[in-house]
Amino acid sequence: MSNHQYFGTDGIRGRVGDSPITPDFVLKLGWAAGKVLARHGSRKIIIGKDTRISGYMLESALEAGLAAAGLSAAFTGPMPTPAIAYLTRTFRAEAGIVISASHNPFYDNGIKFFSIDGTKLPDEVEEAIEAELAKPLTCVESVELGKASRIVDAAGRYIEFCKGTFPGNLSLKGLKIVVDCANGATYHIAPSVLRELGATVVTLGCQPDGMNINQECGATDVRLLQSRVLAEKADLGIAYDGDGDRVIMVDHLGQKVNGDQILYVIAREKLRQGQLSGGVVGTLMSNMGLELALKQLGVPFVRSRVGDRYVLEKMQEKGWRIGAENSGHVILLDKTTTGDGIIAGLQVLSAMVGNHMNLHDLCSGMRLLPQILVNVRFAGQHDPLASAAVKQASDEVEQQLAGRGRVLLRKSGTEPLIRVMVEGEDTEQVSRLAHHIADAVKAAG
């Protein structure tokens, strides 16, 4: 494990105005990244953002830092994170930068990088950037300063790319879909993709104002989507998170379909078509029901650490093409290089159309075991998981489950949260046991 000062599991993230998400730091980050990336030849960086109000400030700071290092910035405006990975590849840019805090509230923001291949930066490159950050900022000669430009057709390019992952012999004609874009980066992309493929689209969360991103909408809160699907008598609902790398769905009965179920549907369809090479990667948080359902299909399944970068690492290690987190990060390496909510959703839609089945029936081969996740916020630098009382509470729960469930306690990689997950056969028992551990974590925090 590398010991980064600034880079977390998903780039650099925090509250805007607090270190490190300040204009002066982000300017220097742009300069430091520019110094490292300039060693590799190309002088162009693609920069995209989600819809947070702070994105304007931070992209200006990045531009100044990159220019001082002699690199040019090409801006896309609000675009999904996976779109920047795609555009970085197609423009042969040295790197892509996304200004986003994904599913976090609007007052947070972050910076994450993509390599020339459209994948997250290797640890050694992040370490090299951190080493440059420790040095005093310098500026290249005026004749070598970087320039700024805008990619005017970025959205159109990405829309066509997404549509190209949907089978050319199929159409969404006759399907009514409610789409919730979380007032985030997919708001002007996802509805167009679905309409151009033939669907009737009802939109939610497509009016960003800079401060309503992820606010009681999108993949992290599907209650509004569930009620709208029922009210519209729609065939299904699709929700993305603020930066578009996650997808959660809702069937025609208003029931939530999470990342585990989406992974199951896609894997089963790949298997049916003879296109599943190897197995499937989930995480420690993946529901036991997914593992059991894949076992019935004869599909190998392994778990990685939580975090889409670790899912990808495990996929690359095994040589497999499909992986996902239950939160809705779905990685399909035969389609793209990173988690992409729009593209993952399209693969589920193609399974629906190709099998003449609704989403509810497609998911029926997998039974989710009751799983309760409780997030406990903590303050300070101490680790509540090191507490003897927390360990005792966890051991007590393990004993009560008696081998017929799972307990997982972990720190969030992006927020000051302890995630308490308990899984078992009985919903009431699982909820009670999860809150028993959560109470111990709160007391320790």
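Residue 1 is the first one shown; counting continues down the chain.
The backbone N, Cα and C atoms fix where each Cβ goes, glycine too.
Mg(2+) binding, as stated in Swiss-Prot, involves ASP241, ASP243, ASP245; the candidate among SER102, SER115, SER387, SER394 given for that site is SER102.
Sequence-distant neighbours of ASP243 (Mg(2+) binding site): residues of the same chain at least 6 apart with a C-beta under 8 Å from its C-beta are ASP50, PRO80, THR81, VAL98, SER100, SER102, HIS103, GLY184, ALA185.
Its own atom aside, the Cβ of SER102 (Mg(2+) binding site) has 29 Cβ atoms within 10 angstroms in the protein chains shown.
What surrounds the Mg(2+) site, by Cβ distance within 8 Å of the Cβ centroid and not counting SER102, ASP241, ASP243, ASP245, is the set ASP50, PRO80, THR81, SER100, HIS103, GLY184, ALA185, ALA219, TYR240, GLY242, GLY244, ARG246, GLY341 from the same chain. Within 10 Å of the C-beta of ASP241 (Mg(2+) binding site) we count 32 further C-beta atoms, all protein chains included.
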